[in-house]
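For reference, the structure discussed in these notes is given below.
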Amino acid sequence: MVGFFISKTSWTRFGRLMPWIIFSTPFAVISYFLIWFVPDISRGQVMWYLVFYCIFQTLVTCFHVPYSALTMFISREQSERDSATAYRMTVEVLGTVLGTAIQGQIVGKVVTPCIESPLFIGKTNSSVAMEELNMTHDTGSLTDTRNAYMIAAGVIGGLYILCAVILSVGVQEKRESSELQSDEPVSFFQGLKLVMNHGAYIKLIAGFLFTSLAFMLLEGNFALFCTYTLGFRNEFQNILLAIMLSATLTIPLWQWFLTRFGKKTAVYVGISSAIPFLIVVAVLDSNLIITYIVAVAAGISVAAAFLLPWSMLPDVVDDFKLQHPDSHGHEAIFFSFYVFFTKFTSGVSLGISTLSLDFAGYQTRGCSQPSEVHFTLKMLVSAVPVGLILLGLLLFKLYPIDEEKRRKNKKALQDLREESNSSSESDNTELASIV
């Protein structure tokens, strides 16, 4: 819906996309801060967090869709858009590193003690035992933890505002290249039907869906896997930083690789490179050095998974323009569905992880976990992601736009623009002669 509304937004002196970014930012920051605030109410806390989390996600969508769609509005050249995508994803991963570091270091300074498993106290009254243990937790420590989360939220909210200001001041939309002027208004369902009937887009989204789900399962459960299965309770923040730093540093490498060998080849090599390391970390015994090696290798593959699908999307939009030369203004819809599937896979990943660990008997803040939880975590960070990656790569095989097709599309679009420009010039000459 946001993508459709953006495509119908009137052009302003700030552009068509930038007003969405500017006006959503302050409200997104406020709602983000309130997610980490503990209201002094006895009832309705669940509703509080549900409401503000949904508001925050909605406002982030109002930011993320135009932000990602800007790639199509700053240049017509494929090489320039690929370069812009590489820079964008590098900074995006770097932002994830920064957020992980800020949240981890500020909140990590407050020691939250683990709780001994109620199995040692008695299985028959485990829930009561857990509640009693929670009640003995130091109130001062709880207050410190609340304050730490709010401080971290304030710092990250400040960075959010700073980045939005830099973006709005430093990037200018080019009206000529956006080609959003449509002779006839297109309804939401007409635009949706056109976009979702484009075969290349559907195949790209399908592959992107499964590979994204694989890496989100890995990222979402790797901290628990390090803490309980590998026994590195005090190291998991550093291991996560190793993954994200590795991803940040190798995005330029994948940008070079895709320009040298093509995007489809880069997808196969980059994403599949994580498979042997995911198998190793689940099969071998706990070893900190091997875990760091696997973390760096996983980061290299995460970089490919971050960069390549977003780098391939502008090629799909170009292909769509050639097949529908008289239909304009659908770029935001293309990018909005990409954002939608990113959020969708995040939700599916969270649901799979939560339900699987709950069925296995996971104990929140437990000092140790049952063997069923260890097995489940191994599945969630190894076997399941490997299967999803293989399925995603199989679907990418069906993706029709290779390097030869890209070159043909580029030439055809240039011819189409030259023809359009010459037609416009002849119309202007004719109008001048009439005047």
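Positions of Cβ are set from backbone N, Cα and C atoms, glycine also.
As recorded in TrEMBL:
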- 410-420: compositional bias 'Basic and acidic residues' (COMPBIAS)
- 410-435: region 'Disordered' (REGION)
- 20-39: transmembrane segment (TRANSMEM)
- 46-67: transmembrane segment (TRANSMEM)
- 148-171: transmembrane segment (TRANSMEM)
- 200-218: transmembrane segment (TRANSMEM)
- 238-258: transmembrane segment (TRANSMEM)
- 265-283: transmembrane segment (TRANSMEM)
- 289-311: transmembrane segment (TRANSMEM)
- 332-355: transmembrane segment (TRANSMEM)
- 375-399: transmembrane segment (TRANSMEM)
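Same-chain residues lying 6 or more positions outside the transmembrane segment (289-311) and placing a CB less than 8 Å from one of its CB atoms are 68, 71, 82, 85-86, 88-89, 92-93, 204, 207-208, 211-212, 215, 218-219, 226, 230, 232, 235, 239-240, 242-248, 250-251, 253-255, 258, 263, 266-267, 269-274, 277-278, 280-281, 338.
Counted with DSSP, the compositional bias 'Basic and acidic residues' (410-420) comes out as 11 helix, 0 strand, 0 coil. Residues of the same chain lying 6 or more positions beyond the ends of the transmembrane segment (238-258) and with a Cβ under 8 Å from any Cβ of it are 82-83, 86, 89-90, 93-94, 96-97, 100-101, 104, 219, 222-223, 226, 232, 265-266, 269-270, 291-292, 295-300, 302-304, 306-308, 311. Taking pairs at least six residues apart, the transmembrane segment (148-171) and the transmembrane segment (265-283) share fewer than three Cβ pairs below 8 Å and do not count as touching. If you count C-beta pairs under 8 angstroms between the transmembrane segment (200-218) and each of 20-39, 265-283, 332-355, 375-399, the highest count goes to 375-399. Away from its own ends, the transmembrane segment (20-39) comes close to residues 2, 6, 9, 14, 45, 48-49, 52-53, 55-56, 59-60, 62-63, 65-67, 146, 149-150, 152-154, 156-157, 160-161, 164, 167-168 of its chain (Cβ-Cβ under 8 Å, at least six residues beyond either end). Simply put, out of 46-67, 332-355, 375-399, 375-399 has the most Cβ pairs sitting under 8 Å from the transmembrane segment (265-283).
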